[in-house]
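**Q** Here's the feature list from Swiss-Prot:
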- 4-69: domain 'J' (DOMAIN)
- 136-213: zinc finger (ZN_FING)
- 149-156: repeat 'CXXCXGXG motif' (REPEAT)
- Cys149, Cys152, Cys201, Cys204: Zn(2+) 1 binding site (BINDING)
- 165-172: repeat 'CXXCXGXG motif' (REPEAT)
- Cys165, Cys168, Cys187, Cys190: Zn(2+) 2 binding site (BINDING)
- 187-194: repeat 'CXXCXGXG motif' (REPEAT)
- 201-208: repeat 'CXXCXGXG motif' (REPEAT)
Amino acid sequence: MEISYYELLEITQNADKETIKKAYRKMALKYHPDRNQGDKEAEDKFKLVNEAYEVLSNDEKRAIYDRYGKDALKGGGFGSNSSGFGGFEDLGDIFSSFFGEGFGSSSRRRKSSNDEKIPSDFIFNLKLSFKEAVFGCKKNIDFTYKCSCKTCNGTGAKDGKLQTCPKCQGRGQVGVSQGFITFAQTCPDCQGSGEKASEKCSDCKGLGYNESKDSVELNIPEGVDTGMKLRVNAKGNILKNGTRGDMYVKIIAAEDDTFIRDDDDIYIEFPVFFTQAILGESIKVPTIRGEATLNLPKGAKDGQRFVLEKEGVKDVHSSRMGNQIVQISIKFPTSLNDEQKELLEKLSESFGIKDGMHQEQKGLFEKITNWFKS
């Protein structure tokens, strides 16, 4: 079932124009491509939100939509404005009207020819074992960085000469039609600069940069985890002016077969024999640093959790220690010899279990029988 324009903007059908405008601003920000790079679902939602606003902000189109539905607006029902934004030249303009020049019109979104073709910083993904992440380690890594081409001054053009991009006519953006709406996107030929090399630099093959290799020894601190980033100063890309950015090392920590990590806490499921759970006992359990004593109380239950304080991971930013949580799994024998079977039968009888039924079970059956008789 197709979602309505009102549902897309999360408003009621009697919403006024100001409410529609505020709702559009909220949803457009939520699904804007700059905030959801690579998210196809968000991109589709963004297009639908713009489509909904275009209709509901126009009294005539809204009236047609309310009465006949979306299909009635197809086939020229949107008037003569081919942009589909009712007076806005492109997507940059519509955002500029709502959010100010920070989102930029088409002229503001165009990159300057003086812009760098490479960012100063970059991310390096570093895989660590479970133990390396928990206890820290030293790592020698080899990496590749980019250096702005000196031959063309980072332009990618022979002799550094650029011409106006013929595809976007120097605007840095091109229009892409989606049904009855035209969206603006960065020009694929000039990457938004509005300028293009008439002849590529032979040194960098038109890229504007060359690649070089480097290496560095890293001291990985104790307690890092997946997603954390460590900054390595002055190991990033080299820009036109000679400034070198930073490299950010992103940690990807492996999982362990025995221990489960949740931030600084460690979880483990540990088997306990049923007699140990019934009688209570001090048992040894493995920890990330060796072993620790767990005092099982009498009558411990299957799945019950116990906390071993400060047996977890050290916090990467302080001296605080996490805990280890032990969840017990009660195990029962799968086979018995004659002596064991006899002992268990005697134990069962000592608890008042006769004819395969415990006294509490008998009481329940009697209660149900009386219920049927009443």
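Including glycine, each Cβ sits where the backbone N, Cα and C put it.
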**Q** Mind giving me a neighbour count for Cys149 (Zn(2+) 1 binding site)? Other Cβ atoms within 10 Å of its Cβ, every protein chain shown.
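**A** Result for Cys149 (Zn(2+) 1 binding site): 24 neighbouring Cβ atoms inside 10 Å.
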**Q** Would you mind listing, in sequence order, the residues at least six apart from Cys190 (Zn(2+) 2 binding site) in the same chain with a Cβ closer than 8 Å to its Cβ?
**A** Cys165, Lys167, Cys168, Gly172, Lys196
**Q** Which residues, sitting 6 or more apart from Cys187 (Zn(2+) 2 binding site) on the same chain, put a CB under 8 Å from its CB?
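**A** Listed in sequence order: Cys165, Lys167, Cys168, Arg171, Gly172, Gln173, Val174, Gly194.
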**Q** Report, as numbers and ranges, which residues of the same chain sit near the repeat 'CXXCXGXG motif' (149-156): CB under 8 Å and 6 or more residues beyond its ends.
**A** 113, 116-118, 162, 197, 200-204, 206-210, 239-240
**Q** Cβ distance under 8 Å to Cys204 (Zn(2+) 1 binding site), same chain, sequence separation 6 or more: which residues?
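**A** Long-range Cβ contacts: Cys149, Thr151, Cys152, Gly156, Asn210.
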**Q** Which residues does Cys201 (Zn(2+) 1 binding site) neighbour through Cβ under 8 Å, counting only same-chain ones at least six apart?
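**A** Once residues fewer than 6 apart are set aside, Cys201 (Zn(2+) 1 binding site) is near Cys149, Thr151, Cys152, Thr155, Gly156, Ala157, Lys158, Gly208.
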**Q** May I ask you to report the DSSP-based helix, strand or coil state of Cys152 (Zn(2+) 1 binding site)?
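**A** The residue in question, Cys152 (Zn(2+) 1 binding site), is coil (DSSP, three-state).
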